[in-house]
Structures are given as structure tokens and as C-alpha cells.
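What follows is a set of notes on a single structure, which appears directly below.
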Amino acid sequence: MNGERSIIALELDKVLARASGYCHGAAAANAILSLRPQSSFDAARLLLEQTSEADIILHEHVVSPEFAFDDVSACLDAAEKMSTLSALEVRRVGVAMRTARLCAGAIDNVPDDRIKHIREISSLIGTDRSLEKHIFDAISQEGELTDEASGELRRLRAAIKAAGAAVRSRLNAFLTGAQSKFLMENLVTVREGRYVLPVKAECRSSVPGLLHDRSASGSTVYIEPYALVEMNNEIRALKAQESAECERILQAFTHEIRGESENIKRSCAAVSALDVIFAKARYARDTKAVMPAYSDDGKIDVKEGRHPLIDGKKVVPVSVRLGGEFNVMIISGPNTGGKTVTLKLCGLFALMSACGFFLPCAEGSRMSWFEEVFCDIGDDQSIELALSTFSSHVVNVAKILKNANARSLVLLDELGAGTDPAEGSALAVACAEKLLSIGCRCMITSHFDELKSFSARSEGVMNASMDFDPVTFAPTYRLLYGVAGSSNALEIAARFDMPEEVLKRAHELISPEKRELSRLIAGAERALRDAEAEREKAKKERSEADAELEKAKLAGDAVEQLKDRLEEKIRRGYRELLADYVEEAEELVESIKQKVKEGDERALFEARRLKNKLAEKAGELPERSGAEGAAGEIGEGDTVFVKSLGKTGVVLNINKKGEYTVKAGVLTTIVPAADVYKAQKSGEKSAPRRVGEYYARPDVSFEIDLRGQTREEAEYNTDIYLSNAAQAGLHEVRLIHGKGSGALRAALQSMLKNDPRVLSFRTGGYGEGDNGVTVVTLK
């Protein structure tokens, strides 16, 4: 779909270049640069939905997955060809594996069912976790094998260190003994991997040993004393064994990577694909772009579209409609009025949306997928083909007429210009008729009156003009539908200081019919402009009225909410008060039971006093909302909540008055129907709840940027951040403090040593930000 001609003419390549700057990895940046509009509607819609999901993750859940890693395709290809990888290459593969794992983990932790396409791509990520860990344990950030690579390597290095210490100890005897006077300098040096002494040339015979080298001046000779030969031989042998062990380790790593190569390639490809999608979402935010309503019905309705390559402070929004009631639009009006910009904006938006990009326009905009976007814009004069400007345009338009169909978008700038006006206008009308019969969506800019007349007499064709200020003739870049535009060539010439006598003569040369047509067009434009102004005024008034209604509705809702809160506060206060009475009642009941057993007559009095007191307080408690269950649904044996007691109980009996005999704990009492509501039975749940399942809060990021802060500010913000991260259930977070002098890193790491929330921490590794980042593992 869509050749390079349209992509370059409509400047999609420049948009892709800007968007590629939002990628983390080089592979993703290259993928965006080579991105082309999708050849089917479903494929284009899928890309838009993916961008929408990335926007949800970035800005609703504030999660920014990591995508940055070096391209390891060459390393994997070498491993597959049995070439042993270097330690640095193995480390790069490990970084790619870890980046893929962390990326998938970040997406998996987003609790949102709307990101199904992103999850499908993320599910492709999967590599050997143990291999990744082994790589990071065995190879340092600088690409060197560590002592952890193998037990044999650790043993050999320890032996080399011990042997070297023994040699240096023997050499120190030379440096401090009687032979020190023969030395040029009181130090030990190494030549060809062997420890030697710098001896004065004239004292060569005084220090028996093997000659290894001379200084450039010849005044110093480097001698290996015979007493050290065997010791140096031992060190050389140990180092040879060390090199062999390192080679064996790297071969083993290469073998493991070869076996995991397909998984690593698939995971890296998935990470790069996600990087592309998230880059589109970040680019959309920076250009204030939105997802349009997308279809394949050929209808375009761009509201306040802004060209993404024009400075946001300078760009003038343009609204344009096409399709539906008319398929062909003839745009006329003055030069520099915005005709070509409108044409290119419409075509660029069609290409961008088919690549999965949001469009910088207002909400409610609509864009269609097109099988092909054809355009003839600009000067295509060809010196090589000996074609004039007009001829090159004719060649291009001929190809468009041959290849366009009903699912095409055709954009023609100044159709028929560059030749005799009579013949050019006739050719333009004939081309417009052909495009109308094809059924494609078409926009044509022109100054020809013949095209304007064609539009007026043809069904499915709309005249439109670029509006301008009627006083200054400055463009407003607004499309007026239903009226042809005047070129205003003489008025524009007057603005640019054309001599008065020339302008006067030009007016005289215009035919009366032409002047009358221009007057009618100007009147139509004025009437349409006034109608548009009235429509905008009515729209604004309607919007203001809707806003006032919404305010009133919100105010009413706020009053209801306040009422509910006050009622609940009152209920809560009564419940707290009643709880005290219930506690007193239970104590008194036990006392009454004892007194009854003892025959105390005051027991009956105490029981009546308690009942009257509770009934009095129960009558003061406000009614609870019906959401808690109607009393009429209650039967014997049901569990109810007794409001006057603030407790649940079981219904023993319901008398003819509708009163309930309820046993609540040790207390059995008779209460009115208004004092009870049905409680949930044991085992019932108002909503399913998954035990042991926890979702991290979406407003807590996996990293905090502390660069530029003082030590006190950084420590304070880190303390707050760690509390939020721990509460959100995050396991591993990053503190970005920058490299600088290292003072801020040291202060933060000192703070982390004594932090009870911290399980461990480490300086960032290769691909993580190096010394500019501290990775913290929380308990």
C-alpha cells in the first residue's frame, strides 16, 4: 500500500523520523523508520488499538517498561555458527534476557483487562532465568569473567596471586639487600609476563640472571634473577591454565546461548515490538494526539487537525470533511490561504492512522482506512526525463487515474495548472469527472472557474473555499463548505505594494461577467461566513448552558452525598453510644440472673429499667436506608441486625403486632420491625474476593528520579517513595541519582543499609544505568 512518492510528498517519513526518537532501543527505532501503512483495515485498526493500550499503561497506570538493550542478533548468529563468544558478548546477551524479563514482568503487573494486545506480545517473552543469573554472576559489568564463573577459575586465580606474592617477596630481598646498589631504580617491573629487575648496564655481570630487555637509551637492562626463573615459570603455567579455563567457560556459555537462541530472538523481537508501540504512545502525548474513530467507509471528519511537523505554537488548526454526502471536494481560494496544507494534512493523517499513530486533532474526529493514498503535490519537474513541470504532473495524474479505485484517497494540487488555461481547465474537469465515476474520495485544489462550475452542477461534489479576513485579506485557514472561493489576486497584489496604476489597469481588463461572478462569490462567502459565525455563537451558548446544567447536577449530587455522610456520621455516633449500653446490659443481665436465683426482688426492677433505657435510645436512632434489607423479608430463624443494640441476633418469634423476639448473645428481647434489618447469613459474601491476591497500586512507579536534588531532598523523597512502593507490593525498584561525583549515590546507599524495608541493594549494571542507578530489593 502507498508508494514512496506519497510517503515523501505527504512527509510521513519525517513523522517516522521524529517518532523513532521516542524508542529506547536501536532495533525499535529502525523498525519505526521502515514502518509503512497497513495493507488491510483490520491490521491498521490493530496497530491503533495497541497504541491505545500502551497509552493506558503509561498514563493511567503510570508504568513505563524498560526496553533498552544492545542488538544481540550478531552474537546469537555467531553462537549458532559455533563461534565462541567473548565475555562482553555473553554479558550483552544476558542484559537482553534480563531486559525482556523485566519488560514482561512490568506488563504482567498491570491489572487491566483492556491491554489484551499488549499482553499477547508480552506472552512471547520467555528465556532461561537460570542462564541469565549465571551470566550476571560470572561476568562483570566491564565484560570480565569473575571468580564466581567456576570453582577452578577461583582456585587458579588464588594460586596466581599467591605465586606472585612469593616472587615479589623474593624480589624485595634484592631491593633491600647488598645487590640493590646495582639497580637503576628501587622497583620491580614485568617483561613478557615475568618479574624482572632494572639493572644498571655497567653492573650487568653483578646480577646473575636472564636478560629480557634493554631501555631505549641502553643504560638499563632488565634481568630475571636465576633464583626467580622457576617461580616465574610456575606463574606462567598457572596463567595458561587460567586462560584455558576462561576459554572453557565461554565455550560453555556459548553452548547454552546456542540452545536458547530461538527463545532469546523471539523475546528480543517482542521487546522491540513493544518499544515501537510505546514510542507511538509517548509521541502521541507530546503532540497532543488522540485516537480517531476509525473505519473503512471512506468518511473523514477531522476536527481542528494540527500538522505534527509544524511548531505547536505556530500551527493553525484545520477542520476538514470528506465522504458521505460528497466524495469529491474542489477547494478554491487565494494563494497562501492554506489549500495545499489542508490537502497534505488530510493525506498525512490517512497514512499515520494506517501506521497505528494517533492524530493531533480534537476529540470526536473520524478517519478512514484507504487501500491507497495517491497524491500529486508540488513541483515534480524532471531534468533526467526531459519533462516540464506540467508534463511531469500529467504523467503522475495519468497513473493515478489508471490505478485508483473506490477505496482510494486522491489528492491533486492545482490540477491542470502550468499550461494554457482553457485547455488546462478542460483537462481538469475531465479528470474530476473520471475520479467521480471511480467512486474514490478526492480533494482537488484549483483556481479554475470551470472546476467550480462542475462542482456546482454535479451530485456528490462539494465546492469549498479557504476563508480569509475580508478587510486585510489575511488567511484564516478555515474551510467554508458550499461556496467557491475567489483567488483575490489583485487584492493580494495590493498588499505587496503593486503599483496603483498597474492594479487599476488590471481591474479594467477583467470582463464585466468575471467581475459580476467575483462579486457574487464574495457575497456568498460573506453570507456563509456570517452563518458560520452565528452557528459558532449558538454552539458556544449551548455549551455554556450544558455546563451550567452540569454544575447544577453536580451541586445536587454533592448535597445528596453530604446528606448521606451526615446521616452516617449520626448513626455512627449513636452506635458508639449504644455499644456502651449493650456492654452495660450484658453485665446487668448476668447480675440479674444471679439475683433471681437468690430471690432478690430488685432483679425485676433492674431488668425493666434496662429495657426501657435501651428502647428509649433505640427510638432516637435515625432510620437506615432500605439497601440494608426490608423487615418484611425476615422470618423465624433468620439472622438480623438489631439497630438499638448494635448487634446481630436470631429471630425466635414474630408476634401479631409485627414485633420480633430476638436472641442476641445472652440477651433475649422484643423489638419493633423498624429496629431490625436482615443480615447476611454465615458464609455469604457480598462480592467475590480472591484470598492472597494483591495488585500493586497503579500510581506507584517502579523508579524515582532524584537527579538535581540535594542530599536532604533526595533522602526525604526516597523515604516517602520506599514507603509507597512497599505498600504497593513492589519487589524491585530503581533510584535514579545520576553519576556525578558519586556523593548522592553514597549518601542514599548509606541510608539504605539501615532501612528495615530494604532486603538488599546494588549499583545498576550494564544496561540499567550503571553507577547512575541503585537497584533496591524490598522485603
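The backbone N, Cα and C atoms fix where each Cβ goes, glycine too.
Curation does not apply to TrEMBL; its annotations are automatic.
Taken from TrEMBL as is:
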- G333, P334, N335, T336, G337, G338, K339, T340: ATP binding site (BINDING)
- 514-602: coiled coil (COILED)
- 704-779: domain 'Smr' (DOMAIN)
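Just so you know, the Cβ of K339 (ATP binding site) picks up 27 other Cβ atoms within 10 Å once every protein chain is counted. According to DSSP, the secondary structure content of the domain 'Smr' (704-779) in residues is 32 helix, 19 strand, 25 coil. For the coiled coil (514-602), the model gives a mean pLDDT of 60. The most densely surrounded of the binding-site residues G333, P334, G338 is G333 (count of other Cβ atoms within 10 A of its Cβ).
In the three-state DSSP assignment, the secondary structure recorded for T340 (ATP binding site) is helix.
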